[in-house]
Number of protein chains: 2
Amino acid sequence: MRVVKFGGSSLASGKQLEKVFQIVMSDPERKVVVVSAPGKRFADDEKVTDLLIECAEQCLVHNIPIEKVDLIMERYSSIANELSLPNEIIREIQTDLLNRLEKDKSKPDRFMDLLKASGEDNNAKLVAAYFQQQGVEAHYIDPKEAGLLVSNEPGNAQVLPESYERLFSLKDRSGILIFPGFFGYSKEGEVVTFSRSGSDITGSILANALRVDLYENFTDVDAVYSVNPTIVNKPKEIRELTYREMRELSYAGFTVLHDEALVPAFHAGIPVHIKNTNNPSAQGTRIVFERDNTNGPVIGIASDQGFCSIYVSKYLMNREVGFGRKLLSIFEDFGLSYEHTPSGIDDLSVILRENQFDLEMEDEIIHRIETELHPDVVKIEHGLALIMVVGEGMRRNVGTMARAAKALAKAKVNIEMINQGSSEVSMMFGVKEIEEKRAVQALYEEFFVTAKV
Amino acid sequence: MRVVKFGGSSLASGKQLEKVFQIVMSDPERKVVVVSAPGKRFADDEKVTDLLIECAEQCLVHNIPIEKVDLIMERYSSIANELSLPNEIIREIQTDLLNRLEKDKSKPDRFMDLLKASGEDNNAKLVAAYFQQQGVEAHYIDPKEAGLLVSNEPGNAQVLPESYERLFSLKDRSGILIFPGFFGYSKEGEVVTFSRSGSDITGSILANALRVDLYENFTDVDAVYSVNPTIVNKPKEIRELTYREMRELSYAGFTVLHDEALVPAFHAGIPVHIKNTNNPSAQGTRIVFERDNTNGPVIGIASDQGFCSIYVSKYLMNREVGFGRKLLSIFEDFGLSYEHTPSGIDDLSVILRENQFDLEMEDEIIHRIETELHPDVVKIEHGLALIMVVGEGMRRNVGTMARAAKALAKAKVNIEMINQGSSEVSMMFGVKEIEEKRAVQALYEEFFVTAKV
């Protein structure tokens, strides 16, 4: 038995739904289908989820924005028309949407979650209707009935452990089960969504709960690439990588799969197969517990911009028990999460994402560090990029760092920071944002392009 | 005006005192002389400070150990005899020592400090007597009268800021001032010592207080070496290095100067000159605020053993605001100071000195991490060595890391950890203890031995 999840672009049009149907029917193991809301049909198109967010925002300020509602309904209708589905299903979706728009708006984030979740919920109904029209036994599954319980954190729900046992009973249901992604219900019975792109999480939870053999995640790329294809032209595809490798890569720019989505699959040891709806015969990429190390030491290189470094130095800092803890407490007081804390003898830097704070908060942070820790120097450096060089084969390979550092030196990239040694499967380099592209290209050249004689 | 400090081996015998006298008299700027207790005369000899510690320990448990007292007095007497000093001074020292041994023992750490401090205090009296006998105006200076006030932390005193103003009035005293190192007085008037080898600190405090041009620190080596001479044969001498470089090197095994000793000199921008009592014409090593960068990027390589790494991993760790702070709080609760905290995406390691805890405490720490932070994995790795590659020229040199990593790879050294980027003047490598020597030799070869054509 398999759980098969389809992303938004796989469900954006009637033509895409036909592909989805073919894929599901081609293997009797594909019994549970998790669907996203309709995504983009072309580059400038709008995703239904985005339309729903705009709709909810306007609703909270003014009245129901009729034009937006029409735009949303138009997306469902066009799919239904393409597939010659009966009008009934469109009326059902419209009634549901208008119903939601009339609900209590006193808690904006609850209202927002209710609206956002309708994209997946109604699309699941539409997909089920299409499967039924094709003469297949298929059922829309209501996550509330099925028992997908989540924490009461709007827009950032976490699955509750009891869900797994409840969802297990889906195993006894006959036919193909069409399950809407992206949301669950709180114990109080309210709709709560996962963070954005959370349909991946739903699929992973179901895979875990049903103890399936495989979680197939259909998207619109042939495979996970070893490096960002906008930085390196036609990069090597990755056939197989471990959860840990995928996790480290996804941290810095590899957005194929939602970060949190790996957790339930990982805990149950269920392989995740990334495949392309538009090219289902492509091999795709498998995410597994262990893999044969056939590549070199490195399997992928990821990078991301928008980091900054707050540097604090104080003579004999490491004699002060609690210095680091006090510094980190200040960041915690501001609700900031930080990424790394490289340290020298008398200095400590905190690397964090810049988008978490503005100039005013920056001043407050610096002020608190100065008045509470009496450092010799505090300074902030903006515009850093982090590059992750990832691979299980790295730990046992003595020369990997030498190769990476040499490649960067040859490309005249100044390494602002290195963090290596805690993770066994990655090395992290901090460089200036303007040097990111050159750095990634140099590393790709070193580890993936065969050396010319 | 200069402050000149002499270490224990420079004051171990009458012959050594003659050298000290020659050195002081050869330059009229050398007005303030800070003295240690008599040190070793030969490799197996005992330092007077060690004898005093043993004496105090026995005194706290049993009676006054007459034989130890005789052994201590014998050291002073032999110096006095060699120099034909009058018996008076030896009687004075003996009276003082016996007096101290009769004092209150209800607070053992206070009694210990009182005994330890006598080594320097009495030696200063002896040196003053010798200078006077040579017809020079010289005065023993009592740190209490002079106003060297320190915090009330036995064995780990910190200078109090008001000391600097009080000590400034020493400027008006005529003649050569012989000042005992290693201790000061609490506001309550009790003797409190600095941490071991703290005479260096006394010299630095006086240099700062008196705003002298130079702090000369006489020891028994011709210079600070660029690497540990027990690891590399006849390593290059360092002519000039910055406070920061010295600080980073001293962290990991460079024990020429006490860590804390640089602080007062550094704050007043006073150069420190390391010289050899036994070869005063050798150039020595100057520690300065800024230096010309004439060496390559690296000025020295230091290393130290006895570290361990506690590794904690938890999926999606960096989503938990406060995870790192909570982890560090646990170490703080045990009074442990840590050195570095390298981190991956889902893991964090804490590097600390192993001698801070035993197996029992280790179990408790692991237990608290497990029960309070619910990590996926906690493990401890013992037997790590840290290697510091230090140099001001490093920051602007793109290829330094590549050279270092390549040298280590060539020597088949596995890099367990790299911490680079917070300090601008050092790179840190963690390796297994058994690979330390090979690693340091490889790095020395790369950065100090001219490449053969």
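Backbone N, Cα and C atoms are what each Cβ position is placed from, and that goes for glycine too.
Annotation source TrEMBL lists ATP binding site at B:K5, B:F6, B:G7, B:G8, B:T219, B:D220, B:Y225. Within the same chain, residues at least 6 positions away in sequence whose Cβ sits under 8 Å from that of B:F6 (ATP binding site) are B:V20, B:V33, B:V34, B:V35, B:S36, B:F218, B:T277.
According to DSSP, B:E120 (substrate binding site) sits within a helical segment. For B:E120 (substrate binding site), the same-chain residues that are 6 or more apart in sequence and have a Cβ closer than 8 Å to its Cβ are B:V35, B:S36, B:A37, B:P180, B:G181, B:F182, B:F183, B:S199. Under the heading substrate binding site, TrEMBL lists B:T49, B:E120.
Taken from TrEMBL, the feature domain 'ACT' covers B:389-453.
For B:Y225 (ATP binding site) paired with B:T49 (substrate binding site), the C-alpha to C-alpha distance reads 27 Å. For the binding site of ATP, formed by B:K5, B:F6, B:G7, B:G8, B:T219, B:D220, B:Y225 according to the record, the largest Cα to Cα distance is 20 Å, rounded to a whole number.
Secondary structure of the domain 'ACT' (B:389-453) per DSSP (helix as H, G, I; strand as E, B; remaining residues coil): 30 helix, 13 strand, 22 coil.
The domain 'ACT' (B:389-453) scores a mean pLDDT of 86 in the predicted structure. There are 17 other CB atoms within 10 A of the CB of B:D220 (ATP binding site), with all protein chains counted.
B:T219 (ATP binding site): 22 other CB atoms within 10 A of its CB, across all protein chains.
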